[in-house]
Ligand SMILES: *Cc1c(COP(=O)(O)O)cnc(C)c1O
């Protein structure tokens, strides 16, 4: 194992990492179902589905078989000028489960490009109609990815100082909390009068990177209604919330007003291959549909609609819509609710939140987002064979839907163990 750690240090630059502070990466040898296994043979329950991707379990045989069959038939082909069955079938399957009104699917590579394209669609939608609207609206503490457009609309760009002067124009509003809706609407009205808004990008109901913060559905609906009336393009970033995590196929199902554009990635391909997709309504598409070539969306990635990724996504959607997975999602939610009830009685727990398979709680202790205590909590869980990534003083679970009752209980027991230790510091 040490050999791999040293060789990693020779040539690899890891994401979101200050290498002088974080020196060693843990080599993972294999993954199966909800378990990750390192090179020493130690096992960890993957409590966050490897960043919300592997929701049907790692190396899921149903999915790997579909992908290997596809691999023998058509591996990759240019998607400009060509099409193929896996992409066509996936577009149909996505439209089937997406919120009402979505009509066209634009394929891409990852979550950041999915939102980047959502932003570009919103801006060019107005540009094509000669509307002078160049500003995006976004939530405080939102996260939409790490490419330039996505970074611009994100508010969690603490370490993005080097790029800030190059960001696109963004105005920011607080998330609705059930009491501030009127204030927010007034704020948007003022912004829109001064700098006409092209689009509004939002993570529906759950802000994942902000530590699984959940906001008010009714308030969000009011904001969306406001946008809809003024033709401010509504871009739902469902990269994290999509494909069942919130208990519905998409979080937008909880909100009456449906988005114009939906960004997807992460669980889209069941954790097997990188892919993103951005869907839109006929109305958005029509603003690009013209004899004038320049009115088209001139955006494309080499691996767009990669057939293998499409095959993985299709198999994933089949599983998602199966009775078994749907009942698992409901069972996980019930377990979370019962655990939250218990946690709410603990003086070291400030609050809890549950939505579908997502559970989060804030600890009543001081801790910064990447502070020292956070590392100690992380290491504590790893020592117990549980992989969780606490953020600041938030501990959250976003487990694979195939997790058993017993495995989920093991995560809860580790959290209770953590609280016992925290009592004494
Ligand atoms: C992860 C995430 C992204 C970025 O996706 P990447 O694939 O990491 O580029 C964008 N939006 C949300 C809400 C996310 O959770």
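Every residue gets a Cβ built from N, Cα and C, even glycine.
Taken from TrEMBL, the feature substrate binding site applies to 51, 266, 300, 389. Counting every protein chain shown, 15 other Cβ atoms lie within 10 Å of the Cβ of residue 389 (substrate binding site). Residue 389 (substrate binding site) carries neither a helix nor a strand DSSP state and counts as coil.
When Cβ atoms from all protein chains are considered, those within 10 Å of residue 237 (pyridoxal 5'-phosphate binding site) total 35, not counting its own. What TrEMBL lists as pyridoxal 5'-phosphate binding site is 111, 112, 237, 301, 302.
Feature annotation from TrEMBL assigns N6-(pyridoxal phosphate)lysine to 266. Cβ environment of residue 266 (substrate binding site): 51, 52, 53, 111, 239, 240, 242, 243 lie under 8 Å away, each six or more residues apart in the same chain.
Between the CA atoms of residue 112 (pyridoxal 5'-phosphate binding site) and residue 300 (substrate binding site) there is a gap of 14 Å, rounded to the nearest whole number. The C-beta environment of residue 301 (pyridoxal 5'-phosphate binding site), restricted to residues of the same chain at least 6 apart in sequence and closer than 8 Å, consists of 108, 109, 113. Just so you know, of the binding-site residues 111, 300, the Cβ with the fewest other Cβ atoms around it within 10 Å is the one at 300. Only 111, 237 of the binding-site residues listed as 51, 111, 237, 302, 389 bring a Cβ under 6 Å of any atom of ligand 1; the order follows the sequence.
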